[in-house]
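Asker: Take a look at what TrEMBL says about it:
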- 24-36: compositional bias 'Polar residues' (COMPBIAS)
- 264-337: domain 'F-box/LRR-repeat protein 15-like leucin rich repeat' (DOMAIN)
- 343-464: domain 'F-box/LRR-repeat protein 15-like leucin rich repeat' (DOMAIN)
- 1-36: region 'Disordered' (REGION)
- 90-113: region 'Disordered' (REGION)
Amino acid sequence: MSNPRNGDTKPPCLPRNGLVKIPTQPNGLGSASITKGTPAVKNRLCQPSSVPAILSPALAHRSDLPIPSLASPLSLATLAGVSSPPGASLVGLNASEGSEQPSPERLPGSPSERQLAVDEKILNRLFWYFSACEKCVLAQVCKAWRRVLYQPKFWVGLTPVLHTKELYNILPSGEKEFVSLQGFAVRGFDGFCLVGVSDLDICEFIDNYPLSKKGVKSMSLKRSTITDAGLEVMLEQMQGVVRLELSGCNDFTEAGLWSSLNARITALSVSDCINVADDAIAAISQLLPNLTELNLQAYHVTDTALAYFTAKQGYTTHTLRLNSCWEITNHGVVNMVHSLPNLSVLSLSGCSKVTDDGVELVAENLRKLRSLDLSWCPRITDMALEYIACDLHKLEELVLDRCVRITDTGLSYLSTMSSLRSLYLRWCCQVQDFGLKHLLGMGSLRLLSLAGCPLLTTTGLSGLVQLQDLEELELTNCPGATPELFKYFSQHLPCCMVIE
């Protein structure tokens, strides 16, 4: 894909905050997001890597054929002797029916080369080494490659993102026509993210996507104008939906949740929706007895809401994320720990009124916790870390970003935690070199983030080479992280990804 103005080659994949955005095609199709793994893992999905030199016995004996590199997704097309179609887009999620693609018999080269280029056994193994963006491009090379790549197994874990304008084609008469979603159905996508849609758009989607009634398991609506009526119709018609996300949707009300939520939903995320308050939590607690995961960002939810959860949620709910719920205090934490004793994942990120006493309640009552996020909780001190270290023996992940009152003393408490694998200390402005020494004996630690810690020096950071099992180290915006230090890490921590 070249720029006609300067001939520069554009990168096939542009990671941003873990989201792989695929540019839009003229036929109005959307993008795909990759949502698994840590930020570094997500970035690695888009970075060049080498395809194994031997991918099949047939390729092993063909030294005259170039081995494709992930740095150039179209280089695999050289196996077929064809180049990318002019103006090819990275979407490929539903290539235009009108675009002419070469058939196997029309490929240049000898018969043996053509046969090799379309050998489905080879392609089925080879295509696993390419990212989602690259598969979208490769699916445009020829019908044989598209047939192989359009198997659902190559698209597991991906969610197509469709914006309103991408759902329609403008006809010569000026009228709008809903795009064909058959290409999505062929690949078996069971989840979608719709951005900026209205009630009518959702109805059109349901009518035009063959798998919408039973096959769609996950639906995400972002910055949409869906109303109570639209929400009710969507959940009534799409009987397969068990995971629902509503983000930035300000036209539905709490009454809409009461009328539309169905007991089959097991995971619910609600964020930045201005009409969500305590009554919404009451609806969730009473209508969703099988809820396993609740992600909530709501500025108007109070301590009272956390008392609505019943014994049913207490048995099934294992993940609760309360992000930027500013009105939640330690009293709300009391209600939460008694209602949901089986939590394994808890986030109180941005719950700025929670103090050390609230963390003590969490540590004493939620002994099954494996992940705890206390980022942006300015009242948390070293005392909270002592409670965590004493009682949460199964904790594997601890996030303390922007906990500005954490000091080296708090890190000394954490050093006794033998199960801790991931520790985030971004912008903890009081952590110093002496505190890092407490972490050097934590053999279980695999991920450590020290981004933005201003008091750490090159000398203190260099001691981290003692953590030989470390897999990921983040030093972004860390003054003590110098080019010489990164070179030192590359020599002494060869298996660790160091994020600059």
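Glycine too: its Cβ is placed from the backbone N, Cα and C atoms.
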Asker: Using DSSP, break the domain 'F-box/LRR-repeat protein 15-like leucin rich repeat' (343-464) down into helix, strand and coil residues and give each count.
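Answerer: Secondary-structure composition of the domain 'F-box/LRR-repeat protein 15-like leucin rich repeat' (343-464): 41 helix, 15 strand, 66 coil.
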Asker: Quick one: mean pLDDT on the domain 'F-box/LRR-repeat protein 15-like leucin rich repeat' (264-337)?
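Answerer: Here the mean pLDDT over the domain 'F-box/LRR-repeat protein 15-like leucin rich repeat' (264-337) amounts to 94.
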Asker: Go ahead and report the DSSP secondary structure tallies for the domain 'F-box/LRR-repeat protein 15-like leucin rich repeat' (264-337): helix first, then strand, then coil.
Answerer: 29 helix, 14 strand, 31 coil
